[in-house]
Amino acid sequence: MNELNLTVSSSPHIRAKHSTASIMQNVIIALLPALAVAGYVFGLWALALVAICVISSVATEAVIQKLLKKPITVNDWSAVVTGVLLAFNLPINAPWWIGVVGSVFAIAIVKQCFGGLGQNFINPALAARAFLLASWPGHMTSTAYIPLTDTVTTATPLALLKAGETGSMPSTLDLFTGLNGVYGCIGEISALALLIGGLYLIYKGIISWRIPTIYLLTIAIFALLVGQDPIVHMVSGGVMLGAFFMATDYASSPVTAKGQIIYAIGCGLITMIIRLYGGYPEGCSYSILLMNVATPLIERFTKERIYGVTKIKKEAKA
């Protein structure tokens, strides 16, 4: 009889087709359509901002890990993803140093200070965006509208919608494709490109369908209830970017099915409340960050029951 070569080791025994590097590489592939649209419409400066954020993120991670005498793990591509997502959250008018400061904050403070990859309790790119918006609101709210034939500065569709100036709104098709005019940050101008990337991630099994689907449905239903166009709310601003690439962050979102549904509903509700009743026209970033903070509580109450285990009731004291 042939001898079997068996390896004895402690659990958990994980057999997965995806490594951390392959997951991050798939996310980058999914972001390429939106990056291509940004480069086509905005020009080389959009690509330069992305490169600045990526280089700053990777360099910061390497330096911090070196200082802490930890293994340098920049080859897992997670810092690259953070850099791209941060750049996608910047307006085209942002100076280069905004990208550098945001990248350092995202990696050094939000990620490495809490233990590194998988230990951050909020999304690093969104936390950096919130930090930059609070510190330099002028640079972070200067949004350009750039038709392919001219360049003009104007308000975003969400600002127009909030002000009730619906007559000045671009067409839904323009908002969906992002090709006939630019409204918003670098990576959020084309809902179509982001949708293609998001569907790719779902197809590859990188993200669950629950969070983006429930998030978008919540926004659509809320918009219908208040008499507004649900399509406009879904394809404008950072909703598509947030739904597929931000809210689905492994470290800061629930892992249970029930938890993901509650989390996504919360993201959608807070997004619409801020958009319609808050002082800022866009609520996507803050909604996801708030639900990131609520994730441990959500998981506590939605964790799966262990089969065969029952709670023992304590006897009442006499």
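The backbone N, Cα and C atoms fix where each Cβ goes, glycine too.
Swiss-Prot annotations:
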type	residues	note
MOD_RES	T156	FMN phosphoryl threonine
TRANSMEM	35-55	transmembrane segment
TRANSMEM	77-99	transmembrane segment
TRANSMEM	114-134	transmembrane segment
TRANSMEM	182-202	transmembrane segment
TRANSMEM	206-226	transmembrane segment
TRANSMEM	261-281	transmembrane segment
So what's near the transmembrane segment (114-134) in sequence-distant terms, Cβ-Cβ under 8 Å and 6+ beyond its ends?
20, 65, 70, 73, 76, 78, 82, 85-86, 88-90, 98, 101-103, 105-107, 140-141, 242, 246, 249-252, 285-286, 288-289, 292-293, 295-296
Is the transmembrane segment (206-226) in contact with the transmembrane segment (35-55), using three or more Cβ pairs under 8 angstroms as the rule and ignoring pairs under 6 apart in sequence?
no
Beyond the flanks of the transmembrane segment (206-226) by at least 6 residues, Cβ under 8 Å:
18, 23, 26-27, 30, 198, 232-234, 239, 242-244, 247-248, 253, 257, 260-261, 263-265, 267-269, 271-272, 276
Long-range neighbours of the transmembrane segment (261-281), counting only residues six or more past its ends (CB under 8 A):
156, 158-159, 161-162, 210-219, 222-223, 226, 228, 233, 237, 239, 242, 247, 253-254, 287-288, 290-291, 294-295, 298, 302
